[in-house]
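Below is one structure, written out as structure tokens, with a few remarks after it.
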């Protein structure tokens, strides 16, 4: 009788153990958790798919039917105060209603508005809005208020933009994550959350593919049902009908989670709470001023917000030269979303290896370098005809406007992909070696000041320029924006270098 040496070296139990480890790595969900994980996954998928569709739609409507310049006004004068108002309403609801009912109420309000917009407001927007003659007379008499008049004259488009912007903050960040964090243990979260991250990027890709094929879907629906609606009205109705269907699925999924999937033990944990004594703006400033480490993290957040917004405005304005209708623009945004999803998954795979093999600084500096290099390329093509001509001579593209749009899209795809992975992870790593009190309070301070100043600060500056110079456009102020962009990115790179020193010192002291 002969004994196979390979069986001695690799007995079945050892092979099974290796296989088990591999399957646990790929699919770390335990058998009794499968239904819970899948229902949470379905809920997240519906919410994120809706989020990507309405984000694309709001930009398509406002950019093509009002003007790209108005986006900065909407972000600062519309979205920011609405977010504060929504937070105040939410705190009131928490004290008066059950967590489950709050979810149903808020989701239902969003869906009711989207249904109203799709089937009542948008088809009749010409009747509901001020006439072009009235708008022209008002802007002639109140030239410095031109952009505010345009937004108010097309109030329903402005309102749709604001409501769509609130969805990710209210429904996804607040309702969804608060629910999931309350029903998920720390041990489960380590296995669930990485898969959630991968899923979210899949949702971006699928939403992008849907929008890219919107014209074909529109043609199919028109021929199938012999509809007489205008092409663009039907496109908007198709998108928002999908939103409504997904919203109903999300509500049903949430109900099943609460009543069929989760046990009583889980449900006892479920109670939405207003955050305990969150830091005021003044307290946040004090915390940032008292710690150089936190000050540098806040600088990174501010610079990211400003840099991205400085490029996005002119890029969207350039896109309207070629994509002149909401349907065309939505398809263009769909293509951009698809690539963002693919590249983010790629960065997720590469990100952990970069940090592990090359260190914190290399991983942290990639995002500002990507934003800086691609942003400079975009502004160069957008502002200097000679540079655009040089690219035309060497590449297939022959239209300067199309070159600017393509480079702007590449800039946005790579910037967002690296931000979602490398920037966010290295920023969170920078808090780890800090003293526990500074870690908690410092993170709250940097998030409040950094995020708010980055997004709203850039929007405020741009809107201020358009108020002072009402005849200005993104094209006419593009060189000024480029100079601010360069200063912002250089500051960002400097802050990353300095934070690396602080990070290393903090690690030494914590050991």
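Heads up, the Cβ atoms here are built off N, Cα and C, so glycines get one too.
Per Swiss-Prot, the feature transmembrane segment maps to 34-54 (among others).
Residues 59, 62-63, 102, 106, 147-148, 151, 158, 161-162, 165-166, 169-170, 174, 274, 309, 313, 316, 452, 455-456, 458-460, 462-463, 466 of the same chain lie 6+ residues outside the transmembrane segment (71-91) yet bring a C-beta within less than 8 angstroms of a C-beta in it. Taken from Swiss-Prot, the feature transmembrane segment applies to 71-91 (among others), supported by sequence analysis.
Annotation source Swiss-Prot lists transmembrane segment at 102-122 (among others), citing sequence analysis.
The transmembrane segment feature in Swiss-Prot is assigned to 157-177 (among others). Same-chain neighbours of the transmembrane segment (157-177): 43-44, 47-48, 50-51, 54-55, 57-58, 61-62, 65-66, 70-71, 74-75, 78-79, 82-83, 86, 90, 102-103, 106-107, 110, 113-114, 117, 125, 151, 272, counting only residues six or more beyond its ends whose CB sits under 8 Å from a CB of the stretch.
The transmembrane segment feature in Swiss-Prot is assigned to 192-212 (among others).
Per Swiss-Prot, the feature transmembrane segment maps to 231-251 (among others); the stated evidence is sequence analysis.
Within the chain, the transmembrane segment (296-316) has long-range Cβ neighbours (under 8 A, six or more residues past its boundaries) at 59, 63, 68-69, 71-72, 75, 288, 367-368, 371-372, 375, 378-379, 382, 404-405, 408-409, 411-412, 415-416, 419, 423, 427, 430-431, 442, 445-447, 449-451, 453-455, 457-459, 462, 474-475, 478, 481, 484-485, 488-489, 491-492, 495-496, 498-499, 502. If you look up Swiss-Prot, you'll see 296-316 (among others) marked as transmembrane segment.
Swiss-Prot lists 330-350 (among others) with the feature transmembrane segment.
Only residues 6 or more beyond the boundaries of the transmembrane segment (361-381), in the same chain, are considered here, and those with a CB under 8 A from a CB of the stretch are 303-304, 307-308, 310-311, 314-315, 351, 354-355, 387-388, 391, 400, 403-404, 407-408, 410-411, 414-415, 418-419, 422-423, 425-427, 430, 478-479, 481-482, 485-486, 489-490, 492-493, 496-497, 499-500. The annotation transmembrane segment is assigned in Swiss-Prot to 361-381 (among others) on the grounds of sequence analysis.
Among the features that Swiss-Prot reports, transmembrane segment is placed at 390-410 (among others), with the record citing sequence analysis.
The transmembrane segment annotation in Swiss-Prot covers 453-473 (among others).
Marked as transmembrane segment by Swiss-Prot on the basis of sequence analysis: 476-496 (among others). Residues 296, 299-300, 303-304, 306-307, 310-311, 313-314, 361, 364-365, 368-369, 371-372, 375-376, 379, 382-383, 461-462, 465, 469 of the same chain sit 6 or more residues outside the transmembrane segment (476-496) yet have a Cβ under 8 Å from a Cβ within it.
The transmembrane segment (102-122) is not in contact with the transmembrane segment (330-350), judged by fewer than 3 CB-CB distances under 8 Å for residue pairs 6 or more apart in sequence. Segment contact is absent for the transmembrane segment (231-251) and the transmembrane segment (453-473), given fewer than three CB pairs below 8 angstroms at sequence separation of 6 or more. For the transmembrane segment (330-350), same-chain residues at least 6 beyond its ends with a Cβ under 8 Å from one of its own Cβ atoms are 52, 56-57, 59-60, 197-198, 201-215, 235, 239, 319, 323, 405, 409, 412-414, 416-418, 420-422.
Residues 28-29, 37, 40-41, 44-45, 48-49, 52-53, 56, 184, 239, 242, 330-331, 333-342, 344-345, 348, 420 of the same chain lie 6 or more positions beyond the ends of the transmembrane segment (192-212) yet place their CB under 8 Å from a CB of it.
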